[in-house]
Amino acid sequence: METTKYEARTTTTVSEGPGIGFDRSYLTSVLGILNAIIVLAAFCMGVSCSVPTLFWSFTSAAAYSSFVAWQILVVFIIIYLFYMLRILPKIPGPIGLAMLIYLLINFVFLFISIVLCAINIEIFKGPAASAMVFALIVIGGHFGVGFLLFQKWRASGHYFHKGECGHTFSSSTATATATAQSGEPGRY
């Protein structure tokens, strides 16, 4: 009589938090306020950088700073909407880690933009100075968001992409064991 034992494992992830929908608490959270500040400051920076490009002369420094401001604005509006509609925790993968990397890349872009605005401050006095001020505000917002994401990552048991909006998530594993026998005539 031959006995065969096998084990089957299944993993089910269950979301205990609310589903996709409007999250009013995000609007008043620290992360929501920081993202709103970044969006507003990036808009003001983009307008400040567009003034020399549109009215006086086309400079590569103003064009670069304008590009940096508008791409930050578009990406952070999308991030803001994803957080506000509770879509971000539903996306698979380490979204928090991807955001930290994006913030680091933006920091480098913004630092270059500030240097370029400082070099051209004699040519475009008002727009370059205001673009620098708004770029510093955006950098401050990036540091704040990065700090909050890093703190969540360091928290014990945090999956980095789940629960960033304050919702709880859990994972459970079920194991089933079955035994099969063969070699005995007449038994099925």
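Using the three backbone atoms N, Cα and C, a Cβ is placed for every residue, glycine included.
The transmembrane segment annotation in TrEMBL covers 30-55 (among others).
Annotation source TrEMBL lists transmembrane segment at 61-83 (among others).
The transmembrane segment annotation in TrEMBL covers 95-121 (among others).
According to TrEMBL, the transmembrane segment annotation covers 127-150 (among others).
Distant neighbours of the transmembrane segment (61-83): 23, 26, 31-32, 35-36, 38-39, 42-43, 45-46, 49-50, 52-53, 91, 99, 102, 106, 109-110, 112-113, 116-117, 119-120, 124, 127-128, 131, 134-135, 138, 164-165; these residues of the same chain sit at least 6 beyond its ends, with a Cβ under 8 Å from one of its Cβ atoms. Through the fold, the transmembrane segment (95-121) approaches residues 49, 52, 59, 61-62, 64-65, 68-69, 72, 75, 79, 88, 128-129, 131-132, 135-136, 138-139, 142, 145-146, 149-150, 152-153, 160-161, 164 of its own chain, all at least 6 residues removed from its boundaries and within a Cβ separation under 8 Å.
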